[in-house]
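Undergrad: Let me give you the structure first, and then I'll get to my questions.
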Amino acid sequence: MFKGSIVAIVTPFNNGQVDFEKLRELVEFQISNGTDAIVPCGTTGEASTLDYDEHMDVVKTVIEQVNKRVPVIAGTGSNSTAEAIELSQKAKEVGADGVLLVTPYYNKPTQEGLVRHYTAIADAVAIPQILYNVPGRTGVNMLPETVARLAPHKNIVAIKEATGSLQQASEILALCGDKIDVLCGDDFITFPMMACGAKGVISVLANIMPKTVAELTDAFYAGDMEKARQLHLQTLKIGNAMFIESNPIPVKTALGLMGKCSDEVRLPLCPMGAANKEKLAAIMKEYELI
């Protein structure tokens, strides 16, 4: 259902407020460069520091600007099941094509708790739902066997797998077959994960290099494995640079250096340190981004 290069778009700020004009410009930058779908209010979109009204206004703005040209998948995850249901229902009402649901963070549910959490959301809201496993940020790893229990639900269509583990992604693919799509959640293994059967990537790097990430996934689907492999290797250095500090600090800093939007982030995130900013700028110059 969702495939190819899917950008986890940043939420631009200006003096503490969401910069909706810049958000619309970023959407156009993505679509004009071949991005296949857009995820507002994910990790990269700083969803955890948006209030409810801001969250929904960002989702609505992206949906309006996209105007059905590509799918919009709203980040609606929460560590409160009730809140995740509320956000998902609202996203459906405003026209989202799907929702992305991060595993509950901080409260560390058991695997049974994860099954009940996602089943409750899928039963309550009839919209395509993407599970999102990112244990490095949440403190809980959703095991392949747990994904297999959820995969048959008609509203659960995919998982964003961001453990960085090809083994775990492969186990999900082996256990679930065609019951659920797998999307790569780590830019540095997009090509190898697609070779295992993933349908695409939910990408941080696509914020600054949308054309290149789209070319990689397009090449894979066209059967041009050599081109996809070369793009995979060529983008490793810049992709790794997106994580020299906590995401989305580097990618917002990069967008700032490119003049696309302010590099402003919300506390407790803070501006990138001078040494890392210098390092990032040097790498961006190598890629002729600035």
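The count begins at 1 with the first shown residue.
Heads up, the Cβ atoms here are built off N, Cα and C, so glycines get one too.
Annotated active site, proton donor/acceptor per Swiss-Prot: TYR132, in sequence order. For LYS160, the entry in Swiss-Prot reads active site, schiff-base intermediate with substrate. According to Swiss-Prot, the feature pyruvate binding site maps to THR44, ILE202, an assignment based on sequence analysis. The site 'Part of a proton relay during catalysis' annotation in Swiss-Prot covers THR43, TYR106.
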Undergrad: Test of understanding: give the count of other CB atoms lying within 10 angstroms of the CB of ILE202 (pyruvate binding site).
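TA: Within a 10 Å radius of the Cβ of ILE202 (pyruvate binding site) lie 29 other Cβ atoms.
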Undergrad: In three-state terms from DSSP, label TYR106 (site 'Part of a proton relay during catalysis') for me.
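TA: Going by the DSSP assignment, TYR106 (site 'Part of a proton relay during catalysis') belongs to neither helix nor strand, so it counts as coil.
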Undergrad: Let me know how many other Cβ atoms fall within 10 Å of the Cβ of THR43 (site 'Part of a proton relay during catalysis').
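TA: By my count, 25.
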Undergrad: Measure the Cβ-based neighbour count of THR44 (pyruvate binding site), defined as the other Cβ atoms within 10 Å of its Cβ.
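TA: Other Cβ atoms within 10 Å of THR44 (pyruvate binding site): 24.
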Undergrad: Does TYR106 (site 'Part of a proton relay during catalysis') have same-chain partners at least 6 apart in sequence with Cβ under 8 Å from its own Cβ, and which are they?
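TA: Same-chain residues close to TYR106 (site 'Part of a proton relay during catalysis') (Cβ under 8 Å, separated by 6 or more) are ASN79, THR138, GLY139.
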Undergrad: Could you give the Cα-Cα distance between THR44 (pyruvate binding site) and the residue listed as 'active site, proton donor/acceptor', in whole Å?
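TA: The Cα atom of THR44 (pyruvate binding site) is 13 Å away from the Cα atom of the residue listed as 'active site, proton donor/acceptor'.
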Undergrad: Which of the recorded positions THR43, TYR132, LYS160 has its Cα closest in space to the Cα of ILE202 (pyruvate binding site)?
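TA: Answer for the nearest of the recorded positions: LYS160.
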Undergrad: In the three-state scheme derived from DSSP, which category covers TYR132 (active site, proton donor/acceptor)?
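TA: In three-state terms, TYR132 (active site, proton donor/acceptor) counts as strand.
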Undergrad: Write down the Cα-Cα distance for TYR132 (active site, proton donor/acceptor) and THR43 (site 'Part of a proton relay during catalysis'), rounded and given in Å.
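TA: About 10 Å separate the Cα atoms of these two residues.
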Undergrad: Taking only the Cα atoms, work out how far TYR132 (active site, proton donor/acceptor) lies from the residue listed as 'active site, schiff-base intermediate with substrate', in Å, as a whole number.
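TA: Approximately 5 Å lies between the Cα of TYR132 (active site, proton donor/acceptor) and that of the residue listed as 'active site, schiff-base intermediate with substrate'.
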Undergrad: Tally every other Cβ atom lying within 10 Å of the Cβ atom of TYR132 (active site, proton donor/acceptor).
TA: 26
